[in-house]
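Written below as structure tokens is the structure these notes are about.
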């Protein structure tokens, strides 16, 4: 797999990684942008792992930098007929602002388009998450639209922006 930042790599999520994922899941500032309830019990996480380990409509990767776990990338809702999937990423707050999100996103997009032969990746991002939107635009994502009051988080409904990138556009850029 192509590496865009030295020593950054994606590898499949393993059972041994669940403690790291559990720490991210229990960080309210991280989960706010995933529009999910924080404070998931570890047993719930292991049950989800067991349920989805052989699910061909999902791929989950640990982002590593020099053998340190710095985040998680997910390709979910993979549809092999329409050749599309939803992209999701979490960077551990201790590693944010160091370029890992850009590099990991490039690696994940490359995997989706070169290995899975998908045509389109899409995502939804909180409209207030300007850093993420900037990264996605930089990598060739385009804005498809705005979803009004799409998620309830921290006591209020949040608007999100739906963005996508197409295989040919990404391949032409990189």
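Positions of Cβ are set from backbone N, Cα and C atoms, glycine also.
Residues or ranges marked as domain 'N-acetyltransferase' by Swiss-Prot: 8-159.
Per Swiss-Prot, spermine binding site is recorded for 31, 36, 44, 52, 53, 54, 55, 86, 87, 88, and the stated evidence type is similarity to another entry. Residue 87 (spermine binding site): 22 other CB atoms within 10 A of its CB, across all protein chains. DSSP assigns residue 87 (spermine binding site) to a strand segment in the three-state reduction.
In the three-state DSSP scheme, residue 77 (Mg(2+) binding site) is classed as strand. Annotation for residue 77 (Mg(2+) binding site): spatial neighbours 57, 58, 84, 85, 86, criterion Cβ-Cβ under 8 Å with sequence separation of six or more. Among the features that Swiss-Prot reports, Mg(2+) binding site is placed at 36, 77, with the record citing similarity to another entry.
The annotation spermidine binding site is assigned in Swiss-Prot to 36, 44. Residue 44 (spermine binding site) counts 11 other C-beta atoms within 10 Å of its own C-beta, drawing on all protein chains shown. According to its DSSP assignment, residue 44 (spermine binding site) is helical.
What Swiss-Prot lists as site 'Could be important for selectivity toward long polyamines' is 86. Its Cβ placed at the centre, residue 86 (site 'Could be important for selectivity toward long polyamines') has 17 other Cβ atoms within 10 Å.
In the three-state DSSP reading, residue 134 (acetyl-CoA binding site) counts as helix. Feature annotation from Swiss-Prot assigns acetyl-CoA binding site to 89-91, 96-102, 129-138.
Counting Cβ atoms from all protein chains shown, residue 136 (active site, proton donor) has 24 others lying within 10 Å of its own Cβ. Per Swiss-Prot, the feature active site, proton donor maps to 136; the stated evidence is similarity to another entry.
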Provide, as an integer number of angstrom, the distance between the C-alpha atoms of residue 31 (spermine binding site) and residue 99 (acetyl-CoA binding site).
-> 20
Rounded to the nearest Å - Cα separation of residue 55 (spermine binding site) and residue 131 (acetyl-CoA binding site) | 31
Rounded to the nearest Å - Cα separation of residue 102 (acetyl-CoA binding site) and residue 44 (spermine binding site) = 30
Among the binding-site residues 31, 53, point out the residue whose Cβ has the most other Cβ atoms within 10 Å, with all shown protein chains included in the count.
-> 31
